[in-house]
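**Student:** What follows is a single structure, and I will ask about it in a moment.
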Amino acid sequence: MKGDGHDVDINIGTNYSKPKELHWLLRRIFILSWIRSYDREKAVSDLIAGITLGMTIIPQSIAYAALAGLSSEYGLYSAFIGSIIYVFFGTIAQVSIGPTSLMAIMVLQFCSDKPVQFVIVLAFLAGLVEFLMGVLRLGFIVNFIPTPVTKAFTTGTSLIVALAQVKNLLGIKHKGIPTPKQFFDKIEFADATVGIVCMIVLLTLRQLSSIKFKNKTDTTRRLKKVLWYISISRNALVVFTCGLIAFLWIRKSSIEAVPFALSSPVSSGLPKLQLPPFSFTYENRTYAFIDVCRELGSAIVVVPIVAVLANVAIAKAFVKDGQLDASQEMLTLGLCNLAGSFFSAMPTCGAFTRSAVSQASGVRTPMAGIYTGIIVLSALSILTPYFQYIPKSSLSAVLIAAVIFMVDFTPIMTLWRTSKKDFFSWTGCLVVCLVAGVEMGLLYGIVLNMIFVILRLGNPEIEVKLKQCNNITYVHIEPLSDIYFSGVDYLRTELRATAAMYRYDFPIVLDCSRFMLFDATFVDMITSTAKELNDQQVLLILQSLSGKYQPLLQSSSNIHFAINPLTAEDFNVATNQTVIEKLK
């Protein structure tokens, strides 16, 4: 409220006070904040969503384990423990923690040709880093990774997954990158047929949920619901059908008679609770913990950062009130991976496709993860002997169909028109991801944008205009971005150049409202500039400078302070007759 041209503080009661923050225990063990209001309606919704998600996560976990170069059970170990841990600490109902194509690519990149113990220790170390990031409340770090980099990273990873699975989809057995002739010569007809048919079926079933009926009746609504369930269960349906065909084929003849490649046999039974293999012996070599860390190298930092980036991005997409506790999500993800390493799991994070399924299934709270975890555990204890009948090409089809829609090239033209900086961030990150690996692509995007930020801090955007106040002409210099000490020299140069350009004929008004972290660097710059302008008989007026900083500049006779808006009185401070004549 304003009165007589001055701001007046008023008290309008407590109705508009800031909402009271939850107790730290409720914020950390987040289930305590909502479990008291849990009712039958929410329980039924979560049950349906949990079962639906369980049918989705099982075939995905098997496929992602194959992508990472692991046998199927490791994907399922990762699926059940993340789902259960997130129930107690997670803040977003839709987020589904488990194996993802992104984490599978990272595991393949850092742990290929290494024993599985490396993967388990990597899950432990990644969880430890994520947990510490959450405890230290480093959630703000993700704000330094801009959206173009995130989108390019997602597109690059999706392309890598899709291209890596083409060989399995077509049954090509060739190490390294085949030549075009080798590629076509080594295509196995049976594997290619199964893979391509599965792709067509998956893409067709995906469209079922988009079917619209002209007449909205009870029958059409029920039919639309059935089609939606078939659509979201397409991965399970395809994998189950292919596995059943292979099983019946083998029962009728023999496993050698099956013309397409099958998955490897899977160890049956539930995972054992045990310490991660910090030291182990493999092929007559003993690996100590320090040896494992040395061979993992940058993976210890890159994997958790990538996982946090993906998880927070998904949480932001589904958060309802815009209030996301990124640090809590980091802490929760860390606990999921730490606990997973005790059950021989691979590194995990949130999956956007599964989170979207949860949202569409009507999930209400993270409790749905309990039902998902139970379904995965049931599959581990009952179905593992039958996983070896799943054709490899069908799993490749599931992976390709899952990630192909995450490839997005639309930002190219938009960013070229709107922001060249973001355009080069996007294209550079994508190219580096494809050429040098996903971790180098992410690092490129982060470093490039840090350089842009540093350049912006050192070269702030400044607007210079000639203005009038009661027939007095003056030069108005206004920074359009925040000015830190790194931009002081640039501002000094701009002040000198502007004064010289106008031949020292007009007083200069400097808008100081965007001065940040006012320190000795600012004081030295303004004092020396005021002295130079005084030598040219030019008045310097500092507009909107905080009152607590004004005493630091009182020693200069050529500095005057003013508020916004300026008045003629602000210019009636000159004592030198020449300056007065100039003002007139």
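In case you wondered, yes, glycine gets a Cβ from its N, Cα and C as well.
Caution: TrEMBL annotation is automatic and unverified by curators.
Pulled these features from TrEMBL for this protein:
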- 45-427: domain 'SLC26A/SulP transporter' (DOMAIN)
- 47-68: transmembrane segment (TRANSMEM)
- 74-97: transmembrane segment (TRANSMEM)
- 118-145: transmembrane segment (TRANSMEM)
- 187-205: transmembrane segment (TRANSMEM)
- 226-250: transmembrane segment (TRANSMEM)
- 296-319: transmembrane segment (TRANSMEM)
- 331-353: transmembrane segment (TRANSMEM)
- 365-383: transmembrane segment (TRANSMEM)
- 395-417: transmembrane segment (TRANSMEM)
- 423-455: transmembrane segment (TRANSMEM)
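I'd like to know what surrounds each of these features in this structure.
**Tutor:** Outside the transmembrane segment (187-205) by six or more residues, the chain places 168-173, 230-231, 234-235, 237-238, 242, 259-261, 391-394, 396-398, 400-401 with a CB less than 8 A from a CB of the stretch.
Residues of the same chain lying 6 or more positions beyond the ends of the transmembrane segment (226-250) and with a Cβ under 8 Å from any Cβ of it are 52, 55-56, 58-60, 62, 194, 198, 201-202, 205-209, 211, 257-258, 260, 262, 357, 360-361, 386-387, 389-391, 394-395, 397-398, 401-402.
Among residues of the same chain six or more beyond the transmembrane segment (296-319), those with a C-beta under 8 A of the stretch's C-beta atoms are 91-95, 97, 100, 102-103, 106, 110-111, 118, 121-122, 125-127, 129-130, 133, 139, 141-142, 145, 150, 153, 326, 329-330, 333-334, 337, 347-352, 355, 359, 438-439, 442-443.
Residues 30-31, 34, 38, 42-43, 46-47, 49-51, 53-55, 57-58, 61, 73, 76-77, 79-81, 83-84, 86-88, 90-93, 95-97, 268-271, 358 of the same chain, all 6+ positions outside the transmembrane segment (365-383), place their C-beta atoms under 8 angstroms from a C-beta of that stretch.
Counting same-chain residues at least six beyond the ends of the transmembrane segment (395-417), those with a Cβ under 8 angstroms from any Cβ of the stretch are 59-60, 62-64, 66-67, 101, 148, 151-152, 154-155, 157-159, 161-162, 165-166, 168-169, 195-196, 198-199, 202-203, 206, 235, 238-239, 263, 352-353, 423, 426-427.
Sequence-remote contacts of a segment are chain residues at least 6 beyond its ends whose Cβ falls under 8 Å from one of its Cβ atoms, and for the transmembrane segment (423-455) they are 102, 105-106, 109, 144-146, 148-149, 151-153, 155-157, 159-160, 298-299, 302, 305-306, 309, 411-412, 415-416, 486.
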**Student:** What is the average pLDDT across the domain 'SLC26A/SulP transporter' (45-427)?
**Tutor:** 87
